[in-house]
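Feature list (source: TrEMBL):
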ACT_SITE  H61  active site, proton acceptor
BINDING   H187  heme b binding site
BINDING   T188, D244, D252  Ca(2+) 2 binding site
SITE      R57  site 'Transition state stabilizer'
Amino acid sequence: MAMAMAVVVVSISATGVRGQLKMGFYDQSCPGVERLIGSFVRQHVGRVPTVAAALLRLHFHDCFVRGCDASVLLNSTATGVAEKDAPPNLTLRGFDFVERVKTLVEEACPGVVSCADVLALAARDAVTAIGGPSWRAPTGRRDGTVSNMQEALDELPKPSMSFKQLKDLFATKGLGVRDLVWLSGAHTIGIAHCSSFADRLYGSRSAGAGNDTTDPTLDGAYATNLRSRKCRSPNGEDAAVEMDPGSHLTFDLGYYRSLLKHRCLLQSDAALLTDPVAKADVEGIAGGPDEVFFQLFARSMATLSTVEVKTGADGEIRRNCAVVNSPSN
């Protein structure tokens, strides 16, 4: 009961901030659309659990560039390279999945439901389907018509960022230190590629460290295991590594507990322990029950999903999530 109440409070707060987003936005124009999306997502995540992490990351990357407007789904054109083709987005997955959901929605209600809402709802439902929290997400987003690779390069968090850099970047999106800590918990179901943390294994940039030196803030046994089994050379195969070994298909506290043991892959994760407030939050979450983490994560996701949204006449409803509507549509 306490968790359910927390989710309601979160959703009301988010709705109040983004006045044109509301619960039940499609109740009249496309009744049952949220059930349609949820059913499809649960069915497929049940068969392929890794879809959950893919959709969550896709939603996150969308919201950090131009807000939650589905601009990450747009294809590049002859006149410009889109966000999805920026190097940080080349490992994103889930584009085809979102398009399949959108096709179902279009069959039910043509030209009514935005790709941005489809992505936000699918990401939420995927987290729930893998055993994570849910949150009541207000809808009414419009789709953006601009997607720029350079903006993705400038605005997406980088795996090498320091705590201050992360804090400052999140602040530009209206997200605080605690949002940074709680949203980082998404890494409990994520993966990272060797190239994103190779410098921690083979060429630490820490003071006094030379080339081919393991980052001293990384657990030695864990680093040795990574070097011998997963990332065997700094320029070798760019293998995918579980960010929460042993439970990467379960939404739980494993990420935070590994972080405190200095067994996290990314420098940006390790950076959370360099700030006293963030470290205290990590310790508090890791030492508590899953339900507390679920409530906190849901709160921050509710905030993230309303970042710089477009509503009303600010955007469009794309028929095909990868292409801006043509004048003939």
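Positions of Cβ are set from backbone N, Cα and C atoms, glycine also.
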Those same-chain residues, other than T188, D244, D252, found with Cβ within 8 Å of the centroid of the Ca(2+) 2-site Cβ atoms are G185, H187, I189, S247, H248, T250, F251, L253, G254, Y255
Of the recorded positions R57, H61, D244, D252, the one whose Cα sits nearest to the Cα of the residue listed as 'heme b binding site' is D244
Fewest C-beta neighbours within 10 angstroms among the binding-site residues D244, D252 belongs to D252
Counting Cβ atoms within 10 Å of each Cβ, the densest environment among the recorded positions R57, H61, H187 belongs to H187
Taking only the CA atoms, the spacing between H61 (active site, proton acceptor) and T188 (Ca(2+) 2 binding site), expressed in whole angstrom, is 17
CA pair R57 (site 'Transition state stabilizer') / T188 (Ca(2+) 2 binding site), Å rounded to integer, equals 12
